[in-house]
Structure formats: structure tokens, C-alpha cells
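A.B. asks: Just dropping this structure here.
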Amino acid sequence: MAALSPIEVIYVLIALAGVLAILAPLNGVLVRFRVNYSGRKSLQLHELDSNGTAAPRPSPIVKTYYDMFRRVDRLEGVAGLFKGSMPTVIQILGVTILVALFVDPRKSRWLKARAPIAEILISLLYTSIMLIATLPIRVISNRAIITPMKLGYLNPGHALRVLLTATELKRPWTIYFTPGLLAAEALHSMTIVFILGPLRRGLLPQFSKACASFDGVSAGNIALYTVSTLFITAIITPLEVIATRLSVQRNGVDAEYSSIQQNVDGPGREEVVGLRDKGDPYLGFADCAKRIIHEEGVMTLYRGWWLTFLWNWGTTFI
């Protein structure tokens, strides 16, 4: 039943390790940049008052992605750039095992994890399954990225107790009911499936085949696809920012207790990001969008838009 030989699996793992070494720091900085609250209701992660409750303090002023990259490197070093990568590694290993068992490289585009393109409905089904399967992993990864605590790679039990509330540990499905999170992720997926996917197949059909090639591709179609991807980026970037914000918002009656309130590294430590006051959480998708615009400005919804564009545009050709 295996579609890949052992040596091919090794090549795949080496290639994925190289990709992860590049993408993990970029994604970690992007998550911090999008989560960092720049409005009036901010919370430094380590600040506690005399009663042991969170004491608001202005968040760090970080205007660009590069500023956040330098901040992470200065405060947490190289190790900080790879925080939250272990859940992604587990996800990649799982996908690789499935590919090795069930995917025939002679019938699929090599090393390209994309939804089946024969029918939009099949693509939607594939995307829906992947969304349900990976949503908890993204939530855990995003929370691991922003926590000031140092989580051991070989102690997943402790890490989960830090990153999840008791409610989420006892009833993991509550993660799916994080207000607005599933809606933001679903809208993002549907935009890709129903808009970007058909545009790619219509304008660049050569890259929807098992053997992709630039043969017969016109510069005009590439230019039109580039412009179209820019417009779609304007739609999906706010969805990604909202989903990122909501993913770090905890569920359950014990949501006020979390790793971000544990002053493990000393009271004088400067934290990388600041969060919105948890006493006044986002109530859902629309509420999150409204409050971001009102408190931080509409451009906050477009943080890191160029990375979203490069990903959606660049992965078409590889």
C-alpha cells in the first residue's frame, strides 16, 4: 500500500526539516506581530499587582514585522524564534506518514500538499477535514509562541497544562467553540477554495497538473493572477489576523489563570508582546474585527499582509 519507498520518505523528511527551519521563525514572528495589542486595553504578560491579578501596562510599540523580528531576537534569542514549532513538527510528521502510505507521487505533484483540484466540492471537503484536524494544533502552537514561559520539547504534558485551561484539557472540543475562531478559519478556507483556487486553475492551468511546467504560460496570465492574488490577500489577511487573536483567547471558567500570569523569569523581565486585557475579551468574529478597528486602527488587520501574499502567490509555482 505504501506509495513512497523508505529512501524517498527520508528525502521528504530532510526537505521538510529545511522548510521548517525557514518557516518556523517567520511564522513565530508573524504570530507575535499580529497578536501584539497596540490599543488602550493592553496587558504586559508578566505584570501582576499586589493581589496577584494582571495589572495593565502599555504594550510594546512595534510598527513593522522587522521590528518584531529584532525584538524577538533581542529578548529571546534564536531559541525564541523557534518557539511553538513542536506542534507543527508533529503535524508535518503525521502528514508525511499519510503521504508515504497513500499518495502516489506519479499521480500527484511531488511534495505539494494541496487539496484535490478535480472538483471544488472535493477541495472543500479536503479543506474542511484539514481545518478540523489542524485547528487545535494551530491554537496550541500560537499560544506556545507568545507565552513567556520556556516549554520543554520533551515534556508535552507540562506544556499542555501551561497552554490550555483545565476546561480545555478535560473537554478538548471546547477549542472549536472559541468565540469566532472557527468562523474566521472557515471563511479563510472558503475564500481559498471558491475564489483563489478557481482563479489559479483558470489562469495558470499548467500548475494544476501532476507535472507543473511554465510551458505555455503567458506573462499576461501571470500578471493577472498576481493582481488577483493581491485582491484576495486584502480579504484573507484580516481573517488571519482575527483568527490569530482569537486563537490565544482561552476558554473556560479558569481562563483567567494561565501561563502568562506566572512570573517565572523575574519581575524585571521585558516581554516580547502585550495582550489585550483578558477581563474584556473579544466576544466573537465580528466583535473582534470591530474592536481592532476601533482601538488599534484598520491597518492592524493587515499586519504581515505581504507574507500572506507571498505564500499564496509563491506556492502556486512550486
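Glycine is treated like the rest: Cβ placed from N, Cα and C.
Remember, TrEMBL labels are computer predictions, not curated facts.
Okay, so TrEMBL annotates it like this:
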REPEAT    5-109  repeat 'Solcar'
TRANSMEM  12-33  transmembrane segment
TRANSMEM  78-103  transmembrane segment
TRANSMEM  115-140  transmembrane segment
TRANSMEM  173-196  transmembrane segment
REPEAT    207-318  repeat 'Solcar'
TRANSMEM  222-242  transmembrane segment
A.B. asks: May I have the DSSP-based helix, strand and coil counts for the residues of the repeat 'Solcar' (207-318)?
C.D. replies: 64 helix, 3 strand, 45 coil
A.B. asks: Looking only at the repeat 'Solcar' (207-318), report the model's average pLDDT.
C.D. replies: 84
